[in-house]
Amino acid sequence: MPAVTYEHIKTCKQSGARLGIVHTPHGSFETPMFMPVGTKATVKTMSPEELRQIEAKIILGNTYHLWLQPGNDIIKQVGGLHNFMNWDGPILTDSGGFQVFSLSNLRKITEESVEFRHHTNGLKLFLSPEKSMEIQNDLGSDIMMAFDECPPMPSEYKYVKDSIERTTRWAERCLNAHKRPEDQALFGIIQGGEYKDLREQSAKELVALDFPGYAIGGLSVGEPKPVMYEMVEHTVQYMPDDKPRYLMGVGSPDALIECSIRGMDMFDCVLPTRIARNGTCMTSNGRLVIKNAKYANDFKPLDENCDCYTCKNYSRAYIRHLIKAEETFGIRLTTIHNLHFLLKLMEDIRQAIREDRLLDFKDEFFEQYGLNVENPKNF
C-alpha cells in the first residue's frame, strides 16, 4: 500500500473535472486543492494556527532552501519537518531541481548530477537524484518529488528530448534511492516543454515506473496561458485516473479554474504570498493594488464578499497605511486575505463539481473578476 492514495468521489458531468480525496500519513484533503508554499519551513508571516483557520490542508516545503539552511541533518534530529515547524497536516517537498535551474546561473548538468554555485555565497554544490532523496527522507514530508531537469521555455526540441530522457533515468534512480516508501510517497514529474509528443513520451515513461502520484512540471514559467492549458489538456490523458495529479507552480485564479476543468487535483504557487508583500490583493472583483492613492480614505474591506480575518476587521485605508509604512502587520493581513481567497475559490470549485456546474461557475467568476474584457488585470 503506497503512503499516499487517491480516492475518486465524482466527475463533473458538465466539465469533466474531478472531485477526490488524497489520503496521506498526516491526514486527508479534498481535491482540487491549492497548497500554500512554505519555502523555508514557514508560509511567510503566517503561523500554523492561522493556516488552519483559513483551512489550508497541505503546505509545501522547499528542499533546496532547507538543505542549505538550516540543513536537513538538523531537521532530521527533531524527527522531520512536521515537528520542526509544528505543522501536523500533510507536507509536500519539491526536489530542489527547480531552484537549481532557476536561481543558479552557474550550473553544469551531467548524467550524474547538477553542479552549481550557492545562490548567496558562491560555494560549489552538487545535487543528484540520490542526494535529493536523502534530503527529502530526512525532512520526512508526506509527498516527495523526483529530481528532474527543468528546461527553460522555449528550448530547442533536441535539448528537451534529451532532457526528458535524462529526467526518466533520474526518476528511476530516485525510486531506487528512496528509503521510506512506506510513509513517504514519491511523485514523478512529467516534463516536455511545449512539445506535445515529448509530454506524451515523458508521461508514458514515468507511468511505466509506477509512482503513487504524478506532477506536470515545466509550465507556468512565462509561456502564454493558452499554451499551458493546451499542454495540460494533452498531458492529462496519459496520467492514471487512480492517482493524484499535481500541476506545479500555478496559482492565478483563472488558471486554477481552467486546470481543474482539465482534470488536475493539486496546485501550488508563491503568487498569493509574494504579491501580498507589495500590497497586491486578489478580490472577487479582480486585482486590487492597495498602494493606489484612491484607497487612502477608503474604509471598506479589501473585498466585501470575503469573510477572512482581514476583511472582517480592517479597512483598505488602514492596510494601505501599513503597507506604505512598511509595517509587517500589513503584509500579514494581505497574506491572510490572499491565501483565504484562493482556498475559498478551491472550495467553490469543489462545490461546483459536486453540483455538475463548473463551467457555469467559471463563467460567473470570470465575469465578476473582470476577465472577460480585453487586456484584463490579471496575474
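Glycine is no exception: its Cβ is also placed from the backbone N, Cα and C atoms.
What you see is a predicted model, and the numbers here were worked out from it, not measured in a lab.
Annotation source Swiss-Prot lists active site, proton acceptor at D94. In the three-state DSSP classification, D94 (active site, proton acceptor) falls within coil.
If you take the C-beta of D268 (active site, nucleophile) and look for same-chain residues 6 or more apart in sequence within under 8 angstroms, you find F34, M35, P36, V37, L60, L92, Y246, M248, G249, V250, G251. Taken from Swiss-Prot, the feature active site, nucleophile covers D268, and the record attributes it to sequence analysis.
Residues or ranges marked as substrate binding site in Swiss-Prot (evidence: sequence analysis): D94, S95, G96, G97, F98, D148, Q191, G218. Taking the Cβ of G97 (substrate binding site) as centre and 10 Å as the limit, one finds 25 other Cβ atoms among all the protein chains shown.
Summarising the annotation, Swiss-Prot assigns Zn(2+) binding site to C306, C308, C311, H337 and lists sequence analysis as the type of evidence. Using a 10 Å radius centred on the Cβ of C311 (Zn(2+) binding site) and all shown protein chains, the other Cβ atoms total 24. Classification of C311 (Zn(2+) binding site) by DSSP places it within a helix.
Helix, strand and coil counts under DSSP for the region 'RNA binding' (249-255) come to 3 helix, 0 strand, 4 coil. The region 'RNA binding' annotation in Swiss-Prot covers 249-255 (among others), and the record cites sequence analysis as its basis.
Residues of the same chain lying 6 or more positions beyond the ends of the region 'RNA binding' (273-277) and with a Cβ under 8 Å from any Cβ of it are 36-37, 43-45, 331, 334-335, 337-339, 379. Residues or ranges marked as region 'RNA binding' by Swiss-Prot: 273-277 (among others).
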Query raised in the report: Who are the chain neighbours of the region 'RNA binding' (249-255) in space, where the CB to CB distance is under 8 Å and they lie at least 6 residues beyond its ends?
Result: 34, 98, 217, 219-221, 225, 228-229, 267-272, 282, 341-342, 345, 365-366, 369, 371, 378-379
Requested in this report: To the nearest whole angstrom, state the Cα distance for the pair G97 (substrate binding site) and C306 (Zn(2+) binding site).
Outcome: 37
Query - Set of same-chain residues at least 6 away whose C-beta sits under 8 angstroms from D94 (active site, proton acceptor) - result: L60, N62, T63, Y64, M145, M248
**Report entry** Segment-level pLDDT (mean, integer) for the region 'RNA binding' (273-277)
**Finding:** 98
Report summary line: Taking the centre of the Cβ atoms of C306, C308, C311, H337 as the Zn(2+) site, the remaining residues of that chain with Cβ inside 8 Å are P301, L302, D303, D307, Y309, T310, K312, I336, H340, F341
Report summary line: Cβ proximity for C308 (Zn(2+) binding site), under 8 A, sequence spacing 6+, ordered by residue number, returns I54, I336, H337, H340, F341
Query raised in the report: If you count the other Cβ atoms within 10 Å of each Cβ, which of the binding-site residues G96, F98, Q191 comes out on top?
Result: Q191
